[in-house]
Amino acid sequence: MRTNPTTSNPEVSIREKKNLGRIAQIIGPVLDVAFPPGKMPNIYNALVVKGRDTLGQEINVTCEVQQLLGNNRVRAVAMSATEGLKRGMDVVDMGNPLSVPVGGATLGRIFNVLGEPVDNLGPVDTRTTSPIHKSAPAFIELDTKLSIFETGIKVVDLLAPYRRGGKIGLFGGAGVGKTVLIMELINNIAKAHGGVSVFGGVGERTREGNDLYMEMKESGVINEQNLAESKVALVYGQMNEPPGARMRVGLTALTMAEYFRDVNEQDVLLFIDNIFRFVQAGSEVSALLGRMPSAVGYQPTLSTEMGTLQERITSTKKGSITSIQAVYVPADDLTDPAPATTFAHLDATTVLSRGLAAKGIYPAVDPLDSTSTMLQPRIVGEEHYETAQQVKQTLQRYKELQDIIAILGLDELSEEDRLTVARARKIERFLSQPFFVAEVFTGSPGKYVGLAETIRGFNLILSGEFDSLPEQAFYLVGNIDEATAKATNLEMESKLKK
């Protein structure tokens with residue numbers, strides 16, 4: 001990535017560095033700005049347009065330089081709406097890239113892409129700011145320790161465990177529960193690990209952003225009485241905002257997370273919902289800048305843009321950033337260039353299945369499609385590894401038998417296969433779990449299940465200890481003891497009906 005000479009020398013007065021230009025052309029969110037000869041801004045510099053529109057309303061639009069065109073002109077992308085701008089308006093070169101507030105004062109607050117608070121709680125009490133464009137940490141600074149990050153979600157911890165300081169992708173089409181799973185992870189991690197999180201809402205629904213904020217206040221993740229005790233900072237650049245804002249909001253969130261890692265030396269969680277919208281915004285900006293599109297209409301710089309963001313999300317010897325990224329899969333096609341490029345950067349993938357969601361099994365995590373580089377005996381231990389492999393083998397055999405069952409029925413299967421199917425159906429249901437953040441919808445209190453409990457439960461099902469219990473006893477419960485209690489209740493209810 002290019003570095004800006006102006007950012008490395010804070011002693012130079014920014015006032016001296018400010019150059020004045022004029023708007024020469026406006027095409028939607030893209031501005032061409034003419035500067036005096038020899039006063040051209042650098043790539044990624046922030047430009048600010050101030051003035052009044054025809055109705056006398058104040059205008060304050062920040063842009064980012066993307067191209068130097070020649071003839072003393074630059075092309076910049078606006079971070080907010082360009083309504084009211086006119087040719088000839090003055091444009092100030094700030095001499096630096098966009099800088100956003102960082103540190104403890106950001107916790108409990110909502111920011112836009114420019115680092116401005118948008119929660120009506122007044123200014124942010126910090127003088128510390130950081131530019132959103134930086135190089136990734138040097139190779140020698142990186143930390144390579146391998147350890148599991150327990151989430152309290154059975155299907156994740158058992159079959160596709162997350163790496164502390166790793167990158168995890170949540171893959172799924174529209175409406176299969178990506179955002180609910182992210183909200184549950186924020187809730188569990190804040191309560192169980194006491195970690196600090198940064199949430200980047202990239203191009204998603206404003207309503208979901210508002211719901212998330214309200215639920216965080218209710219659950220105590222954001223402490224309204226004492227914001228300093230909050231566990232999360234929120235950065236939103238939602239669907240209705242210009243592509244420039246959606247393209248850069250991920251970097252704003254990442255910059256805040258980097259400060260907690262590098263200066264406060266903390267372990268941080270960075271949530272990005274949705275990384276596909278980052279690619280989509282980049283595609284829009286690329287088209288507006290006149291670049292030739294690549295495969296499926298995406299920008300030719302897709303891999304570079306993704307790599308620039310992802311390589312900064314890493315663990316150093318000071319602290320770690322564990323990143324969980326929702327990845328919208330267009331038309332459920334995993335070979336689309338956007339999800340395919342994202343795959344290359346991930347340590348674990350949690351794939352959400354429409355088939356499981358249709359069955360009512362939530363979280364709708366596909367146990368066979370989800371993967372993790374952490375599921376190795378030397379990392380997770382022999383017992384965990386063996387249990388996970390047996391669960392996968394049982395579910396795989398059930399999947400193979402489904403066609404035979406659909407055509408001939410269960411009675412045509414061998415005794416051994418019928419037992420496999422019965423256990424697989426119990427496992428499938430036991431992989432479901434009531435969520436804390438979904439209590440209002442399900443009416444069931446949320447459950448956090450430790451890894452040891454999860455392994456014990458699945459071992460008991462695989463050993464045949466619960467072959468006599470009905471499969472509905474395993475649906476939406478926490479640990480295995482709750483399943484046995486539910487089976488007893490179901491038996492009593494059926495006796496009463498008789």
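Cβ coordinates are placed from backbone N, Cα and C, and glycine is handled just like the others.
Between the listed residues S13, S315, S320, Swiss-Prot assigns phosphoserine to S13, with no corresponding entry for the rest in that record. What Swiss-Prot records as phosphothreonine, among T6, T206, is residue T6. Least crowded of the binding-site residues (G172, G173, G175, G177), judged by neighbouring Cβ atoms within 10 Å of its own Cβ: G175. Secondary structure from DSSP puts G172 (ATP binding site) in a beta strand. All protein chains considered, the CB of T179 (ATP binding site) has 22 other CB atoms within 10 Å.
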